[in-house]
Every structure is written in structure tokens, then in C-alpha cells.
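Here is what TrEMBL says about this protein:
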type: REGION; residues: 1-103; note: region 'Domain I, interacts with DnaA modulators'
type: DOMAIN; residues: 168-301; note: domain 'AAA+ ATPase'
type: BINDING; residues: G179, G181, K182, T183; note: ATP binding site
type: REGION; residues: 356-476; note: region 'Domain IV, binds dsDNA'
type: DOMAIN; residues: 384-453; note: domain 'Chromosomal replication initiator DnaA C-terminal'
Amino acid sequence: MSGRADAALWERVKRRLRTELGEDVFSSWFARVEFEDSDGVTVNLSVPTRFLKSWIQSHYLEKLVSLWTSEMESIRRVELIVRGAVRARAPVKVEKPVLVEEAPQIAPTLLPTASAPIQAVARTEADGAGSPVDPRFTFETFCEGTANRVAYAAARAVAETPAGRPTPYNPLYIHAGVGRGKTHLLHAVAQAARQADPSRKVVYLTAEHFMFRFVAALKNQSAIAFKEGLREIDLLLIDDLQFLQGKSVQQEFCHMLNALIDGARQVVVAADRPAADLETLDERVRSRLRGGVAFEIGAPDLDLRRQILKSRYVAAQVQNNGVDVPDTVIEYVAQSVVSNGRDLEGALNRLVAQWQFTNQPVTMASAEITLRDLVGAREPRRVKIEDIQKIVAIHYNVSKADLLSSRRTRTIVRPRQIAMYLSKTLTPRSLPEIGRRFGGRDHTTVLHAVRKVEELMQGDKHLAEEVELLKRMIDE
Ligand SMILES: Nc1ncnc2c1ncn2[C@@H]1O[C@H](COP(=O)(O)OP(=O)(O)OP(=O)(O)O)[C@@H](O)[C@H]1O
């Protein structure tokens, strides 16, 4: 199919996105998406910012693929690339710092339309607006259950408490594994707080976006204005704190946290694990966070899974006239997709798409095939380097101190190398980070250990089995 034909199809996909998601959501996320090209299997779309790219990827990629496939059967993938067009524009002059190419689309009430000039976005950003907030993520659409009841109640209290009177949970720290509703809850707080008091200065920022803004402010030599701007906030919501990287960024974040909390402003932070486990985070930030109150959102139980599915199904019925997923199939999904809210939503989207594309009623048999890979999927356990060191030390009858020491006896060197290898393969930690956790070694030492163990395992079946056994022990 020619490029022109695909561009025409993009217009059709856009029309369907607009109808299915509504004008607000469409103009928030898709107004600046452009069609680039397609080879008939992959469609390449471009967006102006990395931020928009990651947002669309994590929230709408599945939808995009299914719409494209319904227009052109051979399409299997949609790739998003960041184009340089916005960067090429003349810099926008604003009083407070803003990285223009990262200036996001923002909450619908403040949203510039597709045709609004980039300056409008930048100005709103400079006024203190943060990362975009999804209008669908409200308290009304959040399902409450045993797993999230306390976090939900605390989030509501924060949204309802007037400016200048922070709650006893300050900072409020919410942590949970993937897809359990942290972002949903933070967006709900932002929207409810703005609604309750439009004069309250509410800013929602992802940690990644905070970094972009801080680095841009340093480049623009407007760091002071940037810092002052942040300290005027009444309610600051920081999402995905685990992505906050870099010493100076973390220091600045710590100053901001101190200034806000000491100035009786409310702070809410979300991350994928407890503050104490954010190993790359500056100890001062961790300690300040531990001074507040932390709540975990647990895995959804059956009742909560049913609620989430039912509420999503009602929404799907509004958008897709006549869609029919029988109660028995919904119950099957609730019983068997046990991981998190995102997978539940994904499962339902697939069933709705299946109904759309086949024009056949969804049956248990067809649902089982469609959801094969999601059924029974459990969240992978998060492995810590300390656990690896402990288990390897016990297994080889050495002490943890030996593993971290500079001793080079053979009985210690090999277990140490295996522990480093396991740290690289079972955790997302970088080589330098692993080196630091093994008595301050250089990243090249870790790399050498990883290669060595890989090489040894290839020629030594016994060692390969031993490492496999250790993996299972660590994973239990
Ligand atoms: N309790 C819930 N009620 C309604 N929807 C939920 C709930 N929990 C999760 N979801 C839905 O699941 C999806 C994923 O949730 P969300 O993005 O908030 O997860 P998260 O915890 O921020 O995950 P991640 O760390 O991966 O970003 C969203 O569409 C959200 O609306």
C-alpha cells in the first residue's frame, strides 16, 4: 500500500480515536501526532516530545494498533518517533524556565487546542502547570477495595483539605507495583483539588518531567526562577519517583521537598517501591520521605478485579454500541487475570476489539484464546541485590562481608562473580550501581564478572545448573 493511502487511513484512525476517546482526550494526546510512513506491517507516527511519546506508548499503544489493524489487516505494530520540528523553532521567551520541546499538553480545562501556538503551552507551563493529567483518571472512576482503601482515603483527604493546612500525611508516599493505580490516584487528587478550589496551586509532575525542567532551567540560567516557581506550589504531586536520577537533580528535589513541607504545603509522592528500597535515591530524600506517611496499594483481590472490569465494561458499552461480552466471560477474566488494573483493562480492550473485528459474540472459548498470554500472568518478584548476596553467601558458605571485600582467594572470587552476574541478570541495576554495591568496585570489574560467568556456564553444565538453582532460590 502506498504512503498516500496510509496517510488517508491515518485520518480515519484519527476520526475513530476522536469518537472513541472524546474530544478532550483526543486533543490532549493526539492533536500533535503526525503520520510519517508505513511498510504495510509497521506504521511510524511522530510526536513532538519524548514525554508525549512515552505517554502515548504506555496508555494508548494497544488502542492505536487495534484501530490501524481494523483499517488495514496487515498492520501489526505502531512505532512512535520524536520529531525535531518543535526544537527547530525559535526559543520562546518566558520568565520562568521551561524546556519548550518538553512542554506538555496539559489538563483539558487548560488545554491548548491543536491549532494553539506553542507559546500558549509554554506560558501555561511557566505559570506552574506540570505534566499532563488524564481527564479519565478521577476519584469517580477509581474503584476502591481492600488493596487500596487506605491509600485512597488518604488521597481523598489531601484533595479535600484546603491550601495552607496540610494533612497529617505530609509527605504522603504511595507505593505499588506496576498498574495498580498510583498514577490514576495522583491524577484524581490533582483534578479534585483543582475543582474544589481553583485558586489552589496544584502541580502534578512526573519525576522524569521534573528532571527535564530542572536541566533546562540550568541551561537557560534560570534555575533560581525555576526553584522559586516550584516553592510557591500549594499541592505538589510527584509520580514515578524511582526515575529521579542524577545527584544535582536529587539535591534540588530535596531542597524543594524541604521548602514545601516546612512551608506547610502538601506533597504527595508515588513510586514503584518503598522509599527505603529506592537504592539510587539520595539518602536525604529517602529520609525526608520516611518522615511522612507511606501507604502501599496491594494486588487487587477478586472483588476489586470484578469492580474494575465492570466499570470499564460500562464505559466500553457507552463507546461501542451493541458490544457484548457475557457476564461469564467477565467473571472468567476477573478470576484469571490477577496481576493488576492495567492488565484487566488490556484484557477487556482486547475482548471489545475482538468483538469489533469479528462481528461475532465473545464466547468463553474465544476469550481463552484472545487472553492466553495474560491469564495467570503474575507480577515478577522484585529482586534486591542484598537478597542475591545473602543467598549466594549462604550457598557457598562464605560471608556477605567476604563478597564485598577485596579478598581474591578462589573460594571467594567465584561466588562474588556469580553474585554480580545474578545482580545484572535479575535486577534492572546498572553496572556502576552493582559495582558500588559490591564494595565500591569499578563497572569494568562487574562486566568482567558477568562475561566470565557466562563463558564458564557454556562449558560447565554443572555450574550452569547451580546458577539456575540459585536463580530459583532467589525468586522464591
Ligand atoms: N483501583 C482501580 N480502579 C480503577 N482503575 C484502576 C484501578 N487500579 C488500576 N486501574 C487502571 O489500571 C491502569 C493502570 O493504572 P495506573 O497507570 O494508575 O498504574 P500505576 O500504578 O501508575 O502503574 P505504573 O507504575 O506502571 O505506571 C489505569 O488505566 C487505571 O485506570
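Yeah, the Cβs are placed from backbone N, Cα and C, and that goes for glycine too.
Features as recorded by TrEMBL, highlighted on the structure.
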| residue | record | CB count, 10 Å |
| --- | --- | --- |
| G179 | ATP binding site | 19 |
| G181 | ATP binding site | 27 |
| K182 | ATP binding site | 23 |
| T183 | ATP binding site | 21 |
Can you list the residues of the same chain, besides G179, G181, K182, T183, whose Cβ falls within 8 Å of the ATP site's Cβ centroid? A176, V178, R180, H184, L185, A270, I297, N340, G341, R342
DSSP-derived helix, strand and coil totals, residue by residue, for the region 'Domain IV, binds dsDNA' (356-476): 83 helix, 0 strand, 38 coil
Does DSSP give G179 (ATP binding site) helix, strand or coil? coil
Mean pLDDT over the region 'Domain I, interacts with DnaA modulators' (1-103): what is the value? 72
I'd like the per-state residue tally for the domain 'AAA+ ATPase' (168-301) from DSSP, helix first, then strand, then coil. 67 helix, 24 strand, 43 coil
